[in-house]
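*Asks:* Pasting a structure here, questions to come.
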Amino acid sequence: MRDSLYGLLCALLLGLGHMCMFTGYDTQSFIVEPVLHSVHDRQPGIINAHGGYYGQAVCMVTYTFANLAVPWALGLLGSKLSLVFGSSLFTLYLLSFLYVHYIPYYLTAALMGIGFSLYYAGSSCYLTEHSSRSTIEMHSAFSWAVANMCMIVGGVVMLFTIQPSVDPLTLTSSIAMNKTMPDRDYREFGDLEIRLMYGAFAVVSFISNLIFAFIPSQTVENSLAQITKREERFGFCEQMKKMFTALTDRRMIQMAPVFCFVSSSTCFWIYVYPTTLTFTKSLSTHVYLPAYYAITLGFGDGLMGFTIMFISKRIPNFAQMPTLIIGALLHMTALLLVLLSTPAWSTNTPNDDFTLWLEPSVEMSLLIAFIFGLADNCINTSRTVLSALCMPDQRAQVFSISKFYQSLTAGVLMFLTPWMSVPMYFVLLGANCITSLVMYRRVASETRKVERKV
């Protein structure tokens, strides 16, 4: 098989594995806060009322510190085994929802932080092993587009596992029928429904474990990354020195706002805004809205991915600064619509408060989801491409540093979200977005200058 087709096949399989793994994780992230809020209301001693946010914060704390050691682990395991072990911890986390309790929940959330670091380091390394300088932009956009079909698959799974709306007055016979309670201002999730959803998510996640176990490992000719021989690999202490050297490099310091923006923007569309759809009273009666949100966001993400792949074949460096600018504009447009159409404190409290201008509606929520999907692919593709090119002799460290900043940002945000409103997020993300554009342009320009000299 020709290297071009083989590399594209590897990118496809990487995207499919990512799709199956995040079908469960990303989709459940839309509802994990209201799900655990519902469990807490029935049995307060089982889980904290904001366990959804706190669980993600715990995950991100372990993820942050695991990123410091993951280049060493990647050297021992290789990209393929890192994908297998990392994805397996995601499956374990989803299984913990079959019988919710704070001990297995927080334990598997912490382990999933390690899984995050292994998976993302492995996937970034695998992509560069199977891409050349001329194909990295196309492979990155293509793999990310396929991967984010997980939103569509996850939304379909939710459609088949969410129980339909019922008259609240008939609900007293069974909580498991799960509809808004007569004395509630938000949608209630029953135990049976939780087990159906998370059981289905765990099955799909297990498929990703199988894909990564059998994914091809042979690299392409002229790949961006070369597999290091075992006898030439650095020990733990040497790897940590390389990690801290890269962490203090001027280019990595300049890229820090970009990495933080990738994380903060993702946290908003995957955790915060979907929670407002359940905690806003006028929208909580639409029990299938989280599923439609996931499907619409996935469609936008995939559409933009294939668009970037097509244009990148014709316009050099399109997947860098031009793509980030497009993503930033789209993301701020979606954020503005959220600001105008969402009660300020629906981020953490069930309410029926007024909005700034627009009334909450299903149509507006789906429009916002579509724009978020378009923006997400732009932001992630531009980050991945520049991370692969800016420090070619330290790619493993660069990818780990990017995840270090992302997980640190997400951990802080998840701890603070119970006290943050929609306007606070708008100001924070707006400032982060502007800083990211300025810093990204500097690093991208410097990288192109270096490439022209080579």
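A Cβ is built for glycine as well, from the same backbone N, Cα and C atoms used for every other residue.
Heads up, here are the entries from TrEMBL:
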type	residues	note
SIGNAL	1-19	signal peptide
TRANSMEM	53-74	transmembrane segment
TRANSMEM	81-99	transmembrane segment
TRANSMEM	105-122	transmembrane segment
TRANSMEM	142-162	transmembrane segment
TRANSMEM	196-215	transmembrane segment
TRANSMEM	252-271	transmembrane segment
TRANSMEM	291-311	transmembrane segment
TRANSMEM	323-345	transmembrane segment
TRANSMEM	422-440	transmembrane segment
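Would you situate these features in the structure and describe their surroundings?
*Replies:* Within the chain, the transmembrane segment (81-99) has long-range Cβ neighbours (under 8 A, six or more residues past its boundaries) at 17, 21, 24-25, 28, 35, 70, 73-74, 105, 107-109, 111-112, 114-123, 125-126, 194-195, 198-199, 201-202, 205-206, 208-209, 212-213, 215.
Away from its own ends, the transmembrane segment (142-162) comes close to residues 8, 11-12, 14-16, 18-24, 26-28, 127, 193, 196-197, 200-201, 204, 287-288, 290-299, 301-302, 304-306, 308-309, 373, 376-377, 380-381, 384 of its chain (Cβ-Cβ under 8 Å, at least six residues beyond either end).
Long-range Cβ contacts of the transmembrane segment (422-440) within its own chain (Cβ-Cβ under 8 Å, at least 6 residues beyond either end) map to 254-258, 260-261, 264-265, 268, 272, 276, 320-321, 324-325, 328, 331-332, 335-336, 338-339, 342-347, 382, 386.
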*Asks:* Going through 53-74, 105-122, 252-271, 291-311 one by one, which has the most CB pairs that fall under 8 Å from the transmembrane segment (323-345)?
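*Replies:* Ranking 53-74, 105-122, 252-271, 291-311 by Cβ pairs under 8 Å to the transmembrane segment (323-345) puts 252-271 first.
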